[in-house]
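Okay, so here's the structure we're looking at.
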Amino acid sequence: MAEAATTGRAISLLLYTGALLGVNFPLGKLAAEAGMPPLMWAMVVSAGAVGLMIPALVVQKRFVVPRGQMLRYTAVSGLVTFAAVNGLVFLLIPHVGAGYAGLMFALSPVATLGVTALAGLKTPPRLGVIGIGFGLAGAVVVALTRSGTGGAEGVIWPLLAFAIPVILALGNVYRTLDWPEGAHPAALAVWSHVFALLALAGFQVALTGDLPLHHLRDAPLAVMGQALAAGLTFPAFFALQKAGGPVLLSQIGYVAAAVGLATGTLLLGETYAPLTWAGAAVIAVGIGLTIRAQVAPRPDVSRAETAASRCPA
């Protein structure tokens, strides 16, 4: 009963977090069209998360200053999962579209399965490996058809987007391996975004010599919407990490991709070639195979076989 309740909670967190994450893509496109620098918009995400979560933690008496392992964990998580990914996503959206950026999140479960296998946490069965192959093949089709006829530059941006699932996978596995004992998910979330915010601000100043806060006035509704979405997303994100582990967490990419592609098409007027949709369908097949591989029962090894394997020949 307890296991079923935990699974149900994890699935609810998966749908909730993935849907909120998918909102990032259309909001990011609106901000880009208003002239918002990509790094500034990534800072809005982290600032929104920090601004909403710190008061909540103080009221709940859960606000703590990170030290030791928690300090390392939040610093690495902030730099890898949030600063690097969000900065890259909002850099790419003007070049590849909100829907395409969302599709890259759909590859994070495939990438996470591969990284967990390399880390010794999980070895995908044959069906999982086949699913990984389908997912990668579909993503290549989507990338090449989305690039159109823009020449070398038109190919570079879609291919660069493949860094998103790789970075997400590395972050997913790291956060599972190094989770600080006894730490509250919301506390980890807020400090991870503090470090992400500092890194993004430093990078912005290093690149341009300026921190153009005046751009926040160019898209006030998008800024408020993004800040609110971030504040609601990331406590659930870390709770899902704890409840479901790296592979289940990575599946927020499925929900985020669906929301991003749907809103990009229906609300923002983005259009995709038939082959792009065909590639997306192949990705969906790969996703289905990897899910089937995860839930399929593994054959049990009998006690006699286990004992025999331990006996010297």
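Including glycine, each Cβ sits where the backbone N, Cα and C put it.
In TrEMBL, annotation is done automatically, which means it is predicted and not curated.
Annotated transmembrane segment per TrEMBL: 7-27, 39-59, 71-93, 99-120, 127-144, 156-174, 186-207, 219-240, 252-269, 275-293, in sequence order. Summarising the annotation, TrEMBL assigns domain 'EamA' to 10-143.
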Segment-segment contact (the transmembrane segment (186-207); the transmembrane segment (219-240)) at 3 or more Cβ pairs under 8 Å: yes
Residues in the domain 'EamA' (10-143) grouped by DSSP into helix, strand and remaining coil: 112 helix, 0 strand, 22 coil
